[in-house]
Structure formats: structure tokens, C-alpha cells
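A.B. asks: Let me give you the structure first, and then I'll get to my questions.
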Amino acid sequence: MTKISPSILSADFASLKEDIIEVDKGGADYIHIDVMDGHFVPNITIGPMIVEAVRPHTDLPLDVHLMIADPDKYVDDFVKAGADILSVHAEACTHLHRTIHAIKEKGVKAGVVLNPATPVEVIKHVVEDVDLVLLMTVNPGFGGQSFIHSVLPKIREVRKMTEQVDHSVEIEVDGGVNKETARLCREAGANVLVAGSAIYKEEDRKAAIAAIRG
Ligand code: DX5
Ligand code: ZN
């Protein structure tokens, strides 16, 4: 079944605990946490302290999306804070293979992320090392942007790549996911869907999660 990873970027940060408990009870599979540093992306959001603060309030895996320059420096901090899945952008890693293995050595799952304009060939030689591939369907930095349809063929390409690997690799999609674009992502082969505004801007978050899951 398709997994749903609500992005807390669209939550109310002043009532983050309640907003996390609500999507947990509403059927979420992961909690997606967007970490932005104002360098790799033009916005500043969450650091390890917030991840640590969130950790006691849900048993769901914390799906931490690092949109930061030089992520190697912070792997340890986010693992200690309670991340279960730590994903890094291929565009931010000079030694991608090294970074992925540094994450796995800490005992958490490692994901690799590609921006919309980055070709899937970039991950050809690390796909067997990762637990998850995250394809951005917006340019990272902000919630509430429109889905970029030209990423759909990349989902299919990654699906083919992951089928050659002898362990299961999740394919996650992030950005502009609503119940209509979710269907396109599922049909292309994605099995984890991140959604921020399409869940948190809805009154009934449980229904929004169910609608995106399809
Ligand atoms: C974008 C973030 C996303 C964002 C998605 O840079 O990585 O996770 O919160 O928000 P929506 O679902 O509103 O596009
Ligand atoms: Zn994200």
C-alpha cells in the first residue's frame, strides 16, 4: 500500500505537537521533516532541536529531508535527535557514496534526493546502497508550489533502476502532491507520497491522507 508522509512544513509550528498527533492518528505512515539552511535552498526552517522535540510525540518513523549544504557535518546530530530516515540531495554531496554510507553506519535508513532538473543517472551507482530515492516534483524551498509534471518519467526510470537491486528501495515523491497528482505518482511507481499543504490546509486531515493514498 502507498505510504503517506505528511510534511510538517505546512503545520502550525506553534502547535506542532497537536498537528503531528493528528496526522499520526489520521493514518500517516511517516512524518516528513524539511530541514532548510538558507544556502542550499532559499529558506531556513528546522534544525536538530525541533526533530528532538518532535520525537517523543509519535512512534512513526521521522523522515528527515535535508536541504542543506555539506550535509555530512550534520548527520550525527540528526541521528541523535531521532531521525529514522535521513535523505540527502545528490546536488549537495561531493562524495555521495561516502555520505550515504556515513548515514547507514549510524544505523538509520539512507535516502538520496534529486531536484527536478537532475537526471536519474546521477544515482545509478548508489541505488544499491540506499533505502529510499526521493524525487522532487517542485524546486525545493517552499511548501504550496505546483507539481512539475515533467518529473513523472523520472519516477518510471527510478522504478526500473530499483527493480535491478536485490533489496527493496522505496520511491518517494515530494512537492505539489494532492489527490490528483498523487494518482499520477502512484501509477508511475512511487510508493511514498509526501504532502504538506494538501494535508495541513484541509480541515479533515484524516480524509486528506486517505484521498492522497487513493
Ligand atoms: C519542499 C519540501 C516539501 C514541502 C511540500 O521544499 O521539501 O516537503 O513541504 O509541500 P507541498 O506538499 O505543499 O508541496
Ligand atoms: Zn521535503
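Every residue, even glycine, has its Cβ placed from backbone N, Cα and C.
Relevant sequence annotations retrieved from TrEMBL are reproduced here:
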BINDING   Ser7, His65, Gly141, Phe142, Gly143, Gly144, Asp174, Gly175, Gly176, Gly196, Ser197  substrate binding site
BINDING   His32, Asp34, His65, Asp174  divalent metal cation binding site
ACT_SITE  Asp34  active site, proton acceptor
ACT_SITE  Asp174  active site, proton donor
A.B. asks: Given the binding-site residues His32, Asp34, His65, which one's Cα is the least distant from that of Gly141 (substrate binding site)?
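C.D. replies: Nearest in space to Gly141 (substrate binding site), counting only the binding-site residues, is Asp34.
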A.B. asks: Could you give the Cα-Cα distance between Gly143 (substrate binding site) and Asp34 (divalent metal cation binding site), in whole Å?
C.D. replies: 10
A.B. asks: Would you list, in sequence order, the residues of this chain other than Ser7, His65, Gly141, Phe142, Gly143, Gly144, Asp174, Gly175, Gly176, Gly196, Ser197 that have their CB within 8 A of the centroid of the site's CB atoms, where the site is the one recorded for substrate?
C.D. replies: Leu9, Ser10, Asp34, Val138, Pro140, Gln145, Val194
A.B. asks: How long is the line from the C-alpha of His65 (divalent metal cation binding site) to the C-alpha of Ser7 (substrate binding site), rounded to the nearest angstrom?
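C.D. replies: Cα-Cα distance, His65 (divalent metal cation binding site) to Ser7 (substrate binding site): 10 Å.
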A.B. asks: Helix, strand or coil: which one is Gly141 (substrate binding site) in, per DSSP?
C.D. replies: coil
A.B. asks: Quick one: of the binding-site residues Asp34, His65, Gly143, Asp174, Gly176, Ser197, flag those whose CB is under 6 Å from ligand 2, and say none if nothing qualifies.
C.D. replies: Asp34, His65, Asp174
A.B. asks: Looking at the binding-site residues listed here (Ser7, Gly176, Ser197), whose Cα lies nearest to that of Asp34 (divalent metal cation binding site)?
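C.D. replies: Checked the binding-site residues Ser7, Gly176, Ser197; minimum Cα distance to Asp34 (divalent metal cation binding site) goes to Ser7.
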A.B. asks: Helix, strand or coil by DSSP: which one applies to Gly176 (substrate binding site)?
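C.D. replies: In the DSSP reduction, Gly176 (substrate binding site) maps to coil.
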A.B. asks: Whole-number Å only: compute the distance from the Cα of Ser7 (substrate binding site) to the Cα of His32 (divalent metal cation binding site).
C.D. replies: 4
A.B. asks: Ranking the binding-site residues Gly141, Gly143, Gly176 by other Cβ atoms within 10 Å, which is at the bottom?
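C.D. replies: Relative to the other binding-site residues in Gly141, Gly143, Gly176, Gly141 has the fewest Cβ atoms within 10 Å.
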A.B. asks: Which whole-number value in Å describes the distance between the Cα atoms of Ser197 (substrate binding site) and His32 (divalent metal cation binding site)?
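C.D. replies: Taking the Cα atoms only, Ser197 (substrate binding site) lies 12 Å from His32 (divalent metal cation binding site).
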